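What Swiss-Prot says about this one:
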SITE      S46  site 'Part of a proton relay during catalysis'
BINDING   T47, T205  pyruvate binding site
SITE      Y109  site 'Part of a proton relay during catalysis'
ACT_SITE  Y135  active site, proton donor/acceptor
ACT_SITE  K163  active site, schiff-base intermediate with substrate
Amino acid sequence: MNNIFKGLITALITPFKDNKLDLYALERILKHQIKHDVDAILIAGSTGEGSSLSFEEYKLLLQTSVEIVNKRIPIISGCSSNNTAYAIELAAESTKIKVDGFMASPPSYVKPTQHGIYKHFEALHEACNLPIILYSAPTRSGVDFSDETILRLSALTRILALKDCGVDLGRPLRIRAIVKKDFNILTGNDEVVLAFNAQGGVGWTAVASNIAPDMCKELLEKWYKNDTKGALEIHQKLLPLYKALFLESNPIPIKYAAHYLGLCENEIRPPLTEASDSAKKQIENIITALSIKI
């Protein structure tokens, strides 16, 4: 099975207008990603406010994205839920709509044991035939995969990768030492992309690439060509942007940044609120300093 979980994957924002999906803005956003040749797009993840979507909105978002992208780049859907049955519904709908794979985190809030986490993903694996990437974000979910659980899950045929949002740079080395060779590990933390990939990672699920896909793509390309100096120069330029995009809870800052650049409305769903004036000013200054344009 081809492993689509590698390279630059943009964790895409979801545009809203008047509390509805803004499909015109969605098309602008997707075409911007396609133009800059990202390796895949993640729809309805945490950056995409997936937990705020109704099931009907989720279906519409995926279906519209699939139609606009038209197989030019892989689409990965977010299927995280603390209700295993509902996560299976999301995965089943993703299969029906024909996305290319899906991502899911351990169930949040309910704090399952490692056995419970394994059974959750085993049920998802049995219920669909799509490739799966595990999503490790313990600051959001409250629980995480142990290394042993990752090893057990990697033995399931279609569980092909791990997205790790942590800062434990020893983890990719530990996981790489125990899993099968074709199991991919990607960072979901923009600030550690180079260090993580130096330790065995093979890609980056990025927030910054919503607005700077060209720079993010160039960074990875230089890294893959062993141009460490060139990659580090771009990384250092982008570091203020990475930090600005996490001044407040993701996706509050990136939604404002996209709005400032004309990609979408600055509309975010409760309980999240729009960026503070202070955060807005810092984001604007960094966008100007980096000469980011759409």
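Every residue gets a Cβ built from N, Cα and C, even glycine.
Everything Swiss-Prot records as a feature, shown here on the structure.
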residue : record                                         : Cβ contacts under 8 Å, 6 or more apart
S46     : site 'Part of a proton relay during catalysis' : A11, G78, S80, A137, R140, N250, P251
T47     : pyruvate binding site                          : A11, L12, I13, V207, N210, N250, P251, I254
Y109    : site 'Part of a proton relay during catalysis' : N82, S141, G142
Y135    : active site, proton donor/acceptor             : G45, S80, M103, A104, S105, K163, C165, G188
T205    : pyruvate binding site                          : I9, T10, A11, L42, K163, L186, T187, G188
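Just so you know, the Cβ of the residue listed as 'active site, schiff-base intermediate with substrate' picks up 27 other Cβ atoms within 10 Å once every protein chain is counted.
DSSP assigns T47 (pyruvate binding site) to coil in the three-state reduction, outside any helix or strand.
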